[in-house]
Structure formats: C-alpha cells, structure tokens
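Peer 1: Just passing along the structure, written as structure tokens.
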Number of protein chains: 2
Amino acid sequence: MNEFSLIKQYFQTSDNQRKDVLIGIGDDAAITQIPEGQLLATTTDTLLESVHFLKESQPSAIAHKAMAVNLSDLAAMGAEPAWINLSLSIPKADEIWLRAFSDKIKELTEYFSVQLIGGDTVKGSLAITITAQGFVPSDSTLTRSSAKPGDWVFVTGTLGDASAGLDILLGKLEAADPTHKHALVNRHYFPTPRILAGQTLRRLASSCIDVSDGLLQDMQHIVEASGVGVILHLDRLPISRALGSTVPHLDQALGYACTGGDDYELLFTVPEVHRVSVESAMASYNIPCTCIGQVTGANGKVDLRLDDKEYELPETLQRGYQHF
Amino acid sequence: MNEFSLIKQYFQTSDNQRKDVLIGIGDDAAITQIPEGQLLATTTDTLLESVHFLKESQPSAIAHKAMAVNLSDLAAMGAEPAWINLSLSIPKADEIWLRAFSDKIKELTEYFSVQLIGGDTVKGSLAITITAQGFVPSDSTLTRSSAKPGDWVFVTGTLGDASAGLDILLGKLEAADPTHKHALVNRHYFPTPRILAGQTLRRLASSCIDVSDGLLQDMQHIVEASGVGVILHLDRLPISRALGSTVPHLDQALGYACTGGDDYELLFTVPEVHRVSVESAMASYNIPCTCIGQVTGANGKVDLRLDDKEYELPETLQRGYQHF
C-alpha cells in the first residue's frame, strides 16, 4: 500500500459531504466556501505519542483526542466547526490500527457535521496534527482579551477528572470504585469539546478559553491577555463525585482541579448584566456551569481563596504540562 | 523557556500584519476574513527529518522547504497565499536553531505577503507541519481533473535538478563543476513555489499539479483524476545545463527528470485555444515553460516517447518516493 492508496482507502469517503466543500481530499488543496457575514476561525494542534497520549492508547482514543482538542479551541472562540485537515505520521501502515483510527475520525466528523478536506500521511514516529476551521459571525468574536473588572468567572462541567484519570492509568492514583475509575479514565481518553457552550457564549461572555493546560495556567492567559486580575474561590470549584470520592484529601482534589490539564471545559468571564442570561441559557441546554470567582483590577495575578481566606496551592500538587 | 514564551519570542511578531487577520497568534484560534467573491484554498504538508530533509540540513533550509511545499500546493490551485499555521515539533529549545528557523519563516512570510496566524510547539522528534490558506476567485478554480483529449501538456522551469542535488549531498552523484553543483544542491534546499505561474494559469489551463513526487507520478495523478491518457515526449523535457553537464548519459538525465521529486514546478494542461495566451503570459512574466506532450483519450496511461519512438525508462532509474 502506498500513501495515495492508503488515503483513498481510509480517509477519502463520499459520506458526509458538506455543501460548502467544493473540492475535498484528492487535489493539491481543498477549496471551500465561507458563508456571507462569517469570519474564519482556524486552529492547529499536534499530539505526540508519550507526550499527549500514552503509548498504549487505543487508536480510537487517539483519534478522539486529536479531534477534541482542536474542536475545543474552536469552541473557546464560539466558532461553528466546519472542516478538518489531518496530518498523520505513523511508523507503519498497520491496517487494523488505521481502520480503528479512521473509523473514529469518521464517526466524529459526522457527529460534529465537519468534513475532512485534506491532509498528509507520512512514515515516522506516531504524531497527529489536525487543523480545524470553523465560522464565527463577524459581529461576535469571543477572545481571551476582553475580561473586565467586576465580571464573573465561570467554568463548564467539572475540573481535574482528566488528569486524575491519567494518574490512575500511570499507577500514581488508586480508585477503589470501578465506576469512578471508569469515569475518570474516560475523561482522559474521551474529552468532550464544548461546542454548544461556546456558541451560546458568543454575545454573552467577555472572554473565554478552554482548559487544556490546567485551570490556573489558562486563567493566567485570560488575565494577561485582558490586563486584569482574578480572584478564584477554590471551595466553589466543580469537583465530580468520581474525583471527590477517589481523592479524599481536599488539597489533592484542588491540585487536580487547579493544575491538571486536558479537561477541555470552557473557562469564561461574564459581565454582571449577562450573568442571568448565561445561567439560564446553560441550564436550558443542560450544560453544567459554575461561578468560581470574579475579575479584579489590573494586578496580573490569579489570587486563590479557600473559605474566603488566602490560599496557596502546595507546590507538590502543582502540575501544568511544560514542553521545554 | 516554556512553550508560551518560545512562541512569543520567535513567532509572535508585530510585523507583516495583514488587514484580513483580525486575531492572529495568541488566542485559541485565529480569526480571519475572506474577501467577497473568493473561495478558500487550504493545504497541509508535514516534513520529517531524514524523510523530507537530511539530518544535517540547516534550519533556514528546513523552514524554506516547509513553506515552499505548502505554497506550491496553493500555486497548483492558482491560489493567492494569505495565511500560514505552523506546528513545530523539536527535540529541544535550541535558541540558535530557533532563531535561524524563525528568521527564515519571517523572511518568507514577508516575501509572499502571508501572515503566520497560529500553530503549536511541542517537544518531540523534528517535524514541521504547515497548513497554508489562500484565496481563489469563485469562477476560476484550477484542479487536476479537467484535462481533455487534445490539450497540450506543459511544465514550468526545469526537471530533475532537486533530486540530482539530493544525490550529490548523499554522495551518490558527483558534480565536477562547482557552479553546477551549487545550482543543483540549491534546487534541493530552496525550491521556489510557482505562485505567479499558478495565478496566471487560472483561466487558461484545464488542469494543474505541482511536481513534488516526480513528473511521471504527478502526471499519473492528472491522468487518473481527469480520466484521460497522456503522451510525453522525453526529448522535449526541460533539462537544466547544470543537470545535463553533471549527468552526461541521457537515460540518467531522463531518470532524474521523470521520477526525481521535489522540483515544485507546475505541470499543467492547456486547451489548444489558450496555448498562445499561456506562452505569451509566461514569457511576459519571464517564467520558463515548455510543451512536453499532449493529452490523449481515456486509456489511463502516461506513454513515453523518445524521438517519436516508444520508450520505457530503465527500472534502475525509477525513483518517486513511497512512504509505505
């Protein structure tokens, strides 16, 4: 099998053809059409074996995560996903692996109504780069840089589950209850991009980011981009029952929730005037979301409170992946 | 240095801001604007060390090639390049390497008036994935699939130089003349995407592809996509003086020209009615181009002729990179 027949067999499908894709896989470039009045959102993320996923990960989990991290970036911009480019570096053309990987890509492109429009397949150590493209209405861009003092800080879902799941897989954390264990490990393998939440926030939130590097690190990105400060009330952090029961010590649970990465929840700020709208919109879509703090003046810091007292996270519990 | 400071220091620049980039590097996704009446062209290519470039390659040459191969795909669609996403996997944050690499990216983004709008930086074996985006007018898409019997087959520039240059670097080929040697090695390291040629061909050529895998393999792509056949006259292939003098045997020169990859010339077909327009447009832009054959009926084959006799390339001279 050569590169071209591999692409044809596993990735060039006639299903799920979007009307805005004029030329998809199979030419030198894809040709697509942006709807009138919409801007283009583009994001790229690379996943490497042993860095972004464990060596023993199933191909379906790798495909899921590669899609999810990119769609999550679009979600954080309030974008509607449209097209995907996939660059795949694999050590060999293993048909079972490729079938499982490409089936998951296909399943997710259908679920999210996106189309795979191009890519590249090369022989090398396992690495997946996806470039995801989507639309945002030109009058409602959601960025990291417009948080204002007084705005409320919210987060969707629960925090810390994915990194606790990773620690279970690495043998660093034990989960006695198999249901909890399954829930946490699943959060690591199959994160859910908050597409609908992002689109809901477009005209309501003042800033937004997805929690990929850990709450504190990602909060810091908003703080720096917006030139503000933030107070976070750690007692209000949404901790799942699975994490809470598995990690009985509060400090340890807070460690996961504050600095564990890969949750792909949305962290966003909301002006007082939109707070009720956000809460009722999220409730009507059944998206859990919690107010965890408030934006302050321009001190450039993320200040932590526990039961209204200043709090510092023990250094041993700090995570947040650093590549270099 | 962490990932964020690395991106800030080397890739986040305030120069070369295009007006159609509303949000560039530094948020979850870039936000850009497509001009009215234009379609979006998107292409992705990954370059791996020891596969797409030699281990000892200079960072500037790697950056050049990563940009060129992607811009060449846009050229083959007749697109006007606009934006670049760069995903960089590097074994360590080597400041000298990063400075040289990022300087070359900056130089080329300025030269081609494109803007780096996003990307990813991870720690891993050296690999570069670029996604390039550009525009094509909605009424003049250039593809591989519309060659018609009777159309003339053209190619820009000269063929085989890049792979001869690679063979010189690998010690498989000797070039006595230092000027010729330099010329061939340079074609390997610094290919030129034929952007202007591609845009010129938009309303004139019936099909187009860039020569990345070798003339015969890329010709075959047009033949299959268009459902035609092609006769190529090998005696008409444009061979540079550097290649012709370095490789005195005709068969060997034809081997490089037919199956050596990485030339990034444009291979295209032109209806008789547009032949003169193409030749004069190319001449006026000073772009060398040569008629090397003609499209025939639907036999799905690339037939070779030498001095009007059927010819088969000796198997030992066949190249054309196969990943798997």
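Cβ coordinates are placed from backbone N, Cα and C, and glycine is handled just like the others.
TrEMBL feature annotations, pasted as is:
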- A:Asp28, A:Asp73, A:Asp210: Mg(2+) 3 binding site (BINDING)
- A:Asp28, A:Thr43, A:Asp73: Mg(2+) 4 binding site (BINDING)
- A:Thr44, A:Asp45, A:Asp120: Mg(2+) 1 binding site (BINDING)
- A:Asp45, A:Asp73: Mg(2+) 2 binding site (BINDING)
- A:His52, A:Asp262, A:Tyr321: substrate binding site (BINDING)
- A:Gly119, A:Asp120, A:Arg144, A:Ser212: ATP binding site (BINDING)
- A:Asp213: Mg(2+) 5 binding site (BINDING)
- A:26-136: domain 'PurM-like N-terminal' (DOMAIN)
- A:148-300: domain 'PurM-like C-terminal' (DOMAIN)
Peer 1: Specify the nearest of the binding-site residues A:Asp28, A:Asp73, A:Gly119, A:Asp213, A:Asp262 to A:Thr44 (Mg(2+) 1 binding site), where nearness means the distance between Cα atoms.
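Peer 2: Result for A:Thr44 (Mg(2+) 1 binding site): the nearest of the binding-site residues is A:Asp73.
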Peer 1: Taking Cα-Cα distance, which of the binding-site residues A:Asp28, A:Asp45, A:Gly119, A:Asp120, A:Asp262 are within 10 Å of A:Asp213 (Mg(2+) 5 binding site)?
Peer 2: A:Asp262
Peer 1: Near chain B, which of the binding-site residues A:Thr44, A:Ser212, A:Asp213 can you find when the cut-off is a Cβ distance under 8 Å?
Peer 2: A:Thr44
Peer 1: Which is it, of A:Thr43, A:Ser212: the one of these binding-site residues whose Cβ has the most other Cβ atoms within 10 Å?
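Peer 2: Within the set of binding-site residues, the most crowded position is A:Thr43.
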Peer 1: Cα distance, A:Asp73 (Mg(2+) 3 binding site) to A:Asp45 (Mg(2+) 1 binding site), nearest Å?
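Peer 2: Just about 9 Å between their Cα atoms.
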Peer 1: So if I draw a 10 Å sphere around the Cβ of A:Asp28 (Mg(2+) 3 binding site), how many other Cβ atoms end up inside it?
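Peer 2: By my count, 27.
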Peer 1: Across all chains shown, how many C-beta atoms besides its own are within 10 angstroms of the C-beta of A:Gly119 (ATP binding site)?
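Peer 2: Its Cβ has 24 other Cβ atoms within 10 Å.
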Peer 1: State the Cα to Cα distance, in Å, between A:Asp120 (Mg(2+) 1 binding site) and A:Asp262 (substrate binding site), rounded to an integer.
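Peer 2: Here the two Cα atoms are 26 Å apart.
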Peer 1: Of the binding-site residues A:Thr43, A:His52, A:Gly119, A:Arg144, which one sits closest to A:Asp73 (Mg(2+) 3 binding site) when you measure Cα to Cα?
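Peer 2: Of the binding-site residues A:Thr43, A:His52, A:Gly119, A:Arg144, A:Thr43 has its Cα closest to that of A:Asp73 (Mg(2+) 3 binding site).
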Peer 1: Mind giving me a neighbour count for A:Arg144 (ATP binding site)? Other Cβ atoms within 10 Å of its Cβ, every protein chain shown.
Peer 2: 24
Peer 1: Considering every residue in the domain 'PurM-like C-terminal' (A:148-300), what is the mean pLDDT value?
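Peer 2: The predicted confidence over the domain 'PurM-like C-terminal' (A:148-300), as a mean pLDDT, is 96.
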Peer 1: What's the CA to CA span in angstrom from A:Thr43 (Mg(2+) 4 binding site) over to A:Asp210 (Mg(2+) 3 binding site)?
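Peer 2: Cα of A:Thr43 (Mg(2+) 4 binding site) to Cα of A:Asp210 (Mg(2+) 3 binding site) measures 13 Å after rounding.
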Peer 1: Between the Cα atoms of A:Gly119 (ATP binding site) and A:Asp28 (Mg(2+) 3 binding site), find the distance and write it as a whole number of Å.
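Peer 2: Here the two Cα atoms lie 10 Å apart.
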Peer 1: According to DSSP, does A:Asp73 (Mg(2+) 3 binding site) sit in a helix, a strand, or coil?
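Peer 2: Helix, per DSSP.
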Peer 1: Report the DSSP secondary-structure composition of the domain 'PurM-like N-terminal' (A:26-136) as helix, strand and coil residue counts.
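Peer 2: With helix first, then strand, then coil, the domain 'PurM-like N-terminal' (A:26-136) has 35 helix, 47 strand, 29 coil.
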Peer 1: Kindly assign A:Arg144 (ATP binding site) to one of the three DSSP-derived states: helix, strand or coil.
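Peer 2: The residue in question, A:Arg144 (ATP binding site), is coil (DSSP, three-state).
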